[in-house]
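Notes for the one structure printed next.
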Amino acid sequence: MAKSRKVVVIGAGPAGYVCAIRLAQLGQQVTVVEKDALGGTCLNVGCIPSKAMIAAGSLMDKIGKASALGLTVEGMSLDVEKLVSWKASVVAKLTGGVGILLKNHGCEVVYGAATIVDKNTVSVTGKDGKQTIQCDDIVIATGSVPLAIPGFEFGESVWSSTEALAPKALPKRLLVIGGGYIGLELGMMYRKLGSEVTVVEATAGALPGQDRDCVKVIERSMKKMKIDFIANAFAKGYEAKKKGLEVRIEVEGKSRVIECDQILCTVGRKPFSEGLGLDKVGLSTEKPGFIPVDDQMRTKVPNIYCIGDIAGQPMLAHKGSKEGLVAAAVIAGQNERYDVRCVPAVIFTAPEMASVGMLEDEAKSKGIEVVTGQFPFAASGRAMSLMETDGFVKIVADAKTDEVLGVHMVGPEVTELVAEAALAIEMGATTEDLARTIHAHPTLPEAMMEAAEAVHRMAVHIYQKPE
Ligand code: NAI
């Protein structure tokens, strides 16, 4: 067995802590440095708390709609303080679990801000002073922070996602700047909890870069929920007035004012490397702050690795975790890499959206002859029984080889269904493989099987005119 290496992992988010545990499993000596809390953005102020709050919003929404089933609930009310404290308990359980896992695997955790002194030395400044750690390898996993825009510095009136996940009270009127992942997830959550919500988005539609047919379903849903979604709109500045905040926006060159009580700015996140001392080892970032890496997560300094949000798009927790596993394996002497086509994306809107692999246009632009199949949840018995029939599963396949190239879906529980699609792409499955797989009835994944059948105009539960 190769000699054990001493590795310092900087940052204990889903990239860093996963990397640390895998390094320990592979027999390396690991020190994790964390300046804040174990679990990083994902566990503390991102994925987990937002999903907990979104679950509460969805439950409230469902209860509100239950009268169609003959269930009438009277006197439903929301205790924001209790909701936030329940969310905090979920977070505490998970971050506590990360601490126990690191300890059980023999990883040392040092709290403080790390600075790279040279390629084998990291200095850590914590509340108990400064210490220096010598190591064979360094893994940078410092994540990202919310991006602010001029005129909307974060503070009491302007929330980032962090503050939006710990409200003291429900804002009556919320203005969301940015109609991307966070803006729509949190905007819809606040709407379900009872706020009036307006979203201003700079581009022509919500969720830039996602399948446009899926996005249309989300945009229709916003209309039904009475969320005012304003496209081609730039937020320019705001003023506090007696009645609340007046936000100036520019829509297609024309000025408009929107009144609200709270602003939530979700225009993206920027990679975080402040104070890391990259220059000490000849490393630098590339716009908008990513550290370039090869496909084994190595930076141009051979014993320094970089994983997670700081290593490039997409800034997703599971992509960071995968990169952590790859870096750990490579440090331990294995020849590991991952297939970027297989990184799924999940968006907890209402309905949910998820995708993996290539978009139809992307495949075409690569010169691939493409064929698609689509199956609507309106034709799914399970979706009907859940009262969630909006949306569909769309499969993009190679017309020549039948290989599944991409799967894009919007509808009930699709953030769970995408796992099957990711497996299909990872294994190089064909639509025939998916169609031949027996899917239990009555379940939502039947929509995947039928979409695969639809690629060949053979879906049983929708009528497809023969070509
Ligand atoms: P985003 O990149 O998803 O969306 C930002 C949006 O703001 C874009 O639609 C952009 O066109 C718009 N925008 C930018 N400047 C603007 C301006 N001045 N006025 C109006 N609109 C403007 O970024 P977001 O939502 O902040 O999320 C950051 C990252 O966090 C995402 O890229 C995603 O990777 C990750 N995330 C993942 C989630 C998940 O996996 N479910 C959930 C939430 C976030």
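Any Cβ shown, glycine's included, is placed from N, Cα and C.
The structure displayed is predicted, hence computed values, not measured ones.
Feature annotations, courtesy of TrEMBL:
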DOMAIN    6-324  domain 'FAD/NAD(P)-binding'
DISULFID  Cys42-Cys47  disulfide bond
BINDING   Lys51, Thr142, Gly143, Ser144, Asp309, Met315, Leu316, Ala317, His318  FAD binding site
BINDING   Gly178, Gly179, Gly180, Tyr181, Ile182, Gly183, Leu184, Glu185, Glu201, Gly268  NAD(+) binding site
DOMAIN    343-452  domain 'Pyridine nucleotide-disulphide oxidoreductase dimerisation'
ACT_SITE  His441  active site, proton acceptor
Message: To the nearest Å, how far is the Cα of His318 (FAD binding site) from the Cα of Gly180 (NAD(+) binding site)?
response: 18
Message: As a test of the contact definition, list every same-chain residue at least 6 positions from Leu316 (FAD binding site) whose Cβ is closer than 8 Å to its Cβ.
response: Val343, Ala345
- request: Using C-alpha positions only, work out which of the recorded positions Cys42, Cys47, Gly143 is nearest to Gly180 (NAD(+) binding site).
  value: Cys47
Message: If the criterion is a C-beta within less than 6 angstroms of any ligand 1 atom, which of the recorded positions Gly143, Leu184, His441 pass it? List them in sequence order.
response: none
Statement: Rounding to whole Å, the Cα atoms of Lys51 (FAD binding site) and Cys42 (disulfide bond) are apart by 10
- prompt: Distance between His441 (active site, proton acceptor) and Cys47 (disulfide bond) at the Cα atoms, whole Å?
  reply: 31
Distance from Cys47 (disulfide bond) back to Gly178 (NAD(+) binding site), taken between C-alpha atoms, in Å: 18
Message: Using the alpha carbons only, what distance in Å do you get between Ile182 (NAD(+) binding site) and Gly143 (FAD binding site) once rounded?
response: 16
